[in-house]
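**Q** Questions regarding the structure given below will be posed in turn.
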Amino acid sequence: MGKQRDEEKGGGGGDDDEESPTTSKKSWRRFPLTRWELVAVVGVALVFASGVSCIYFFLPYSSPALKLPRSVSDLRILKDHLAVYAKDHQAKFIIGYCSIYIFMQTFMIPGTIFMSLLAGALFGVIRGLLLVLFSATAGASSCYFISRLVGRPLLLWLWPEKLRFFQAEIAKRREKLLNYMLFLRVTPSLPNTFINLASPIVDIPFHVFFLATSVGLIPASYITVRAGLALGELNSVRDLYDVKTLIILFLIGFILIAPTVLKRKRIYE
């Protein structure tokens, strides 16, 4: 009997090894989404991409210059090609601009800083800033809700340490969460892409996320949009955030987070 039990244990060991937590964890690390989660994300991406493609193909003309800019020189060429169209067909252009910006923000496609510069170059500071804030907030909100569905495995796959750090910081600042979120949005402490993805995972309420995004992005967006007015003088996007600009952003951020720091100091006292 004892030998038989040993054999049964030994025989079952092969199956256990095949389905062990270590094995499943390794396979999970290869790709973090399940089949249905992947289908959902691809479906949403296709809907967005179809809408953006329709906007592009219904433009009154096509040109090789009509592509997403990847440098300031690309942006100057794009601005020259779109200036007349944006003036004559303002409503259509704004719809197309916002759709592309929201798509890029939702699916974390690099290049939104060039879109912000373009808004300033074509529409000036006030209208350009309103366009950027609307598009950036809408795109961040879309990213928030998609991340609520499928974001956890992606974040644990891409940034596990950063996610644990963010979760601990949020837990310490629950009572003044809006101030902390405003600080993160105003300052370049954490990438906006990570904040968009991680916020629903660490249980940041959407109203706090939305308000912090729409208000906290104003300083950096204003700097970028205003720089679009002098596009010819700009050599690189790195010129936007010099030491002086970063100091100003961090000063604004520290003013916003000051109530949280002062309250914690009183508690300790």
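Glycine too: its Cβ is placed from the backbone N, Cα and C atoms.
For 1-10, the entry in TrEMBL reads compositional bias 'Basic and acidic residues'. Per TrEMBL, domain 'VTT' is recorded for 109-228. Taken from TrEMBL, the feature region 'Disordered' applies to 1-24. TrEMBL lists 38-59, 94-119, 125-146, 204-225, 245-262 with the feature transmembrane segment.
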**Q** Averaged over the whole of the domain 'VTT' (109-228), what is the pLDDT?
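**A** 92, rounded to a whole number.
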**Q** By DSSP, what is the split of the domain 'VTT' (109-228) into helix, strand and coil residues?
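**A** With helix first, then strand, then coil, the domain 'VTT' (109-228) has 99 helix, 0 strand, 21 coil.
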